[in-house]
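Participant: Submitted below is the structure of interest, expressed as structure tokens.
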Amino acid sequence: MLTFSFLTLFPELLAPFAAEAIVGKARERGLVDVNLVNMRDFAQNRHLKVDDTPYGGGAGMVIRVDVAERALHSLPPADEVILFTPAGERFTQQVAEELAGRQHLAFLCGRYEGFDARVEGLVTRELSIGDFVMMGGEAAAACVLEAVARLVPGVLGDPESHQADSFSSGLLDYPEYTRPAEWQGQPVPEVLKGGNHAAVAAWRRAQALERTWRRRPDLLPDAGLTPQDTATLLELGVSQEELDVWGAPPAPVKRHRKRRPETTESAS
């Protein structure tokens, strides 16, 4: 079982994410657990104050490192102690897959002006969900919980559900359709209704390649492109120069079957 421990000043912000939908069901089945730790419980003062003014002056308040340390020491040993910070490593699908293999993850969710810099000595990893600033780490924590928990074996009903997701294959996901078969003049592609699984798989791969090329071409160098992918991208209008930059393999060589020469029987 994978346990998520979130150290926060506002556990009520994370409680719904831990109790509802797929994560909530996974907790009921004993596949994951979520531990919400209120850092105010470790303040050791009458007013439960966890922050103080910054040395050197400046606006805002800074969360004390001794409070964070006591909160961490109240937990069982963690495989990773993670701090959410704009300076951290970018959180990606690859990182999510790595974290899903752990047993216990502890997360420090900051507020105000963040933590005393000495908290860096308590953490094993720093993560960022993007180049923007929020009011606290709880929203980032919810993102990581959702992304990692769904990768734990058994959490999703279909064990292959996440393997075709955007980024898991190195590409953006292909478009999905359901009923009605036609809506406001927009029909479901015929290939999806024909029952030919090989044709459906080829169509989906081509759609994923096109979406990625048009929207996130930066993903293609690391997407593990195949020779058939190269052929598909060339048909879409991608130049050979771009493909070379991405390290794409050569497209398959189309072999034309040679016609056997006609033979004439000699007259007897």
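The backbone N, Cα and C atoms fix where each Cβ goes, and this holds for glycine too.
Sharing the record's features from Swiss-Prot:
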type    : residues                                 : note
BINDING : G110, I129, G130, D131, F132, V133, M134 : S-adenosyl-L-methionine binding site
REGION  : 246-268                                  : region 'Disordered'
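How buried are the listed features, and what sits near them?
Facilitator: Within the same chain, residues at least 6 positions away in sequence whose Cβ sits under 8 Å from that of G110 (S-adenosyl-L-methionine binding site) are I63, L83, F84, T85, G136, G137. According to its DSSP assignment, G110 (S-adenosyl-L-methionine binding site) is coil.
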Participant: Cβ neighbours within 10 Å, counted over all protein chains: which one of the binding-site residues I129, V133, M134 has the most?
Facilitator: I129
Participant: Taking 10 A as the limit, how many CB atoms besides its own sit near the CB of F132 (S-adenosyl-L-methionine binding site)?
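Facilitator: Other Cβ atoms found within 10 Å: 7.
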Participant: Among G110, I129, G130, D131, F132, V133, M134, recorded S-adenosyl-L-methionine binders, what is the largest CA to CA distance in Å?
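Facilitator: Pairwise Cα check on G110, I129, G130, D131, F132, V133, M134 gives a maximum of 16 Å.
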